[in-house]
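Trainee: Residues or ranges marked as transmembrane segment by TrEMBL: 12-35, 151-175, 219-249, 255-278, 290-315, 327-352, 373-394, 414-438, 450-470, 482-504.
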Amino acid sequence: MFFGGWFSVYLFYQFFVGMLTLYLLFFPFFLYSFIPCGEYTSDDLPLWGLVGDLQHDINSDNNKHFIYTHRIINVKYNGDQIIHINLIQDSPKSLEVGKLEMTYSVSWISTNITFAQRFDIYLDYPFFEHQDLKMNVSEVEYFRTANVISLHWFSIFNLFMMVIFLTGLVTMILMRTLRNDYAKYAHEDDDLETQEKDISEESGWKLVHGDVFRHPRNLVLLSAVVGTGAQLVMLVLLVILLAIIRMLYIGRGAIVTTFIVCYALTSFISGYVGGGLYSRSSGESWIKSMVLTASLFPFMCFGIGFILNIIAIFYGSLAAIPFGTMVVVFIIWAFISFPLALLGTVVGRNWSGTPNNPCRVKTIPRLIPDKKWYLTPSVISLMGGLLPFGSIFIETYFLFTSFWNYKVYYVYGFMLLVFLLLIIVTICVTIVGTYFLLNAENYRWQWTSFFSAASTAVYVYLYSIYYYYVKTNMSGFFQTSFYFGYTLMFCLGLGILCGAVGYLGSTLFVRRIYSNIKCD
C-alpha cells in the first residue's frame, strides 16, 4: 500500500511535468521551422547563409524554388583582427534552366569589441536560457521570449525528482523486500521443521542462486560492449570538463578533435573493463575479446562515416572528409588507441580477472518458467529506456538544434549535471528491472540489463525521426542520409554507454544480494 500510494503520486507528478515541459519546449517554437542553409568559416568564425528558398506560387498550387544571387558580407574589425562576419542574402531569382549571375559586396565596419569577446555574439542566450528580452515584434515572438522560467533549470529539477523516486524505490527493495529474505537464510539455530518449511516457501530470486552467475551467451561481445561503454563514460566526462574549462566551442573542429584524441587516450579503460569481465567469466578466447573490444566502436563509426563520405563525394559536397584526415585518424587508432586497449586487457586479466562469485554455479541449468508478458526480457528491455530518455529529453532537443540548426552549444555545465543524473537514473532503472526479472526466476539477466539501459538510444533515434519531419525542412537523399547517418552514430555510442552503465550497476546489485545468503 505504501509503495502503491507513492507510485501514484509520482505518476501524477510526471504527467503534470510532462504537460508543462511540452508547453515550455514546443509552444514558443512551433511556428518556427528550420531552413536549410550553408555554413562556411572565415578566420575560424562561422558564417551562415541561405542558399535558396521555397515559396508558394500564387498563380498555381505548386511551390517555386528561388536562389539568392547576391551576397552582402559585413565584416567587423578591431585593429588588424576580424571580430565578426555577417552574411546577408538578397536578389532571389526563380530557379530555372539557364545562367545566373552571382554577385557579392563587402563592407568593413570598425568595432570596439575585443578579440577575446568575438564569440559572444554567436551564443544564443535566449534559446538556451529562455531569457526575457522584451522584444515586442509580434505575438509569436512575445510568447517565444516571455518564458522567464529557465527550461534547463526546470529539467534539472525534474531530474532530481526522478532520481529521488528511483533511489527510494531501489532502497525500498533492498531494505524492506530483501531484509525478510535475508532473515530466513540467517537462521542457524532453527529446528529442522522450520528450515524445511522455509525451503518449501522459497520463491523468486532465491531459487536461481545456483544459476544467476552462469556465463552469459556471446560472452566475447558482451565484454567488448561493456568495456567500450565504460570507456565512453570516461570519455564524455573528460570532454565535458575540458569544454567547461577551455571553451572548446571557440576553435573550429575543437570538439571533434578533442573527442578523437581523448578516445585514443582512454582506450586503456575499455581493455581493462572488458578483459577483466571476460576473464572473471572464465572465457578462453581472450585474444578475440581483446581485438573486438579495441575495434568494435571505431569500426562501426568508420563504416558509417565511410558510407556518408562516398555519398558526399558523389554529390560533390564540401562535407566529404579529406583522405589525409582519414589517414591521420587511422594512425591515431592504430598506434595509440589499439595498443592501449591491448595493454588494458592484459592488466585487467591479471588484476581483476579472478572469478569470485558469491554462489557456486550448478552443473545442470535450471528451467526458466513461463511468466506473464510484462515480465519477459524483451518487455523489460523496452520499458527500461523510457525514464532515462525522459531524463535527457530536453537536453537532446538542445543538442539536436545546436548541431542541425547551426547554433553554438555552450551550456556544458547543464550537460554535466544531466549526464551525471542520467547515469544515476539508468543504474536505478536497470536494478529494478533486474530484480523483477530474477523474481520471475529468470537468471539470464546480463544481456537484459544491458539492453534495458541501451534501449534509451532507441527512443532517442525515434525522437530524431520526429525532429527531422517536424523541426527541419531537410529534403533529398543527401541531407536525409547525413542526418540519420550521424544520428545513428550518436545513438550507437549512447546505447553502448548506457548499456554498460546498466550492466555494471546490475552486477553490483546482484553480487550484493547474493553475497548475504547461504548458498550450497
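Cβ from N, Cα, C; glycine included.
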Trainee: Within the same chain, where does the transmembrane segment (219-249) have neighbours whose Cβ lies under 8 angstroms from its own Cβ atoms, ignoring anything closer than 6 residues to its ends? I mean 6 or more beyond.
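Mentor: Same-chain residues near the transmembrane segment (219-249) but 6 or more away: 119, 255, 258-259, 262-263, 266-267, 269-275, 277-278, 281, 283, 285, 288-289, 292-293, 296-297, 408-410, 412-413, 415-416, 419, 423, 446-447, 450, 493, 496-501, 503-504.
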Trainee: Do at least three C-beta pairs under 8 angstroms join the transmembrane segment (373-394) to the transmembrane segment (290-315), pairs 6 or more apart in sequence?
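Mentor: By the criterion, they do not touch.
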Trainee: Would you kindly check 255-278, 290-315, 327-352, 450-470, 482-504 and say which stretch has the most C-beta pairs under 8 angstroms to the transmembrane segment (414-438)?
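Mentor: Answer, by Cβ pair count: 482-504.
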Trainee: Before we move on, state whether the transmembrane segment (450-470) and the transmembrane segment (482-504) share at least 3 Cβ pairs under 8 Å, counting only pairs 6 or more apart in sequence.
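Mentor: Answer yes: the transmembrane segment (450-470) meets the transmembrane segment (482-504) with 3 or more Cβ pairs below 8 Å.
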Trainee: Residues sitting near the transmembrane segment (482-504): Cβ under 8 Å, six or more positions beyond its termini, same chain?
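Mentor: Sequence-remote neighbours of the transmembrane segment (482-504) are 222, 225-230, 232-233, 236, 273, 297, 300-301, 304-305, 307-308, 311-312, 319, 384-385, 388, 403-404, 422-423, 426-427, 429-430, 446, 449-458, 460-461, 464, 468, 472, 474.
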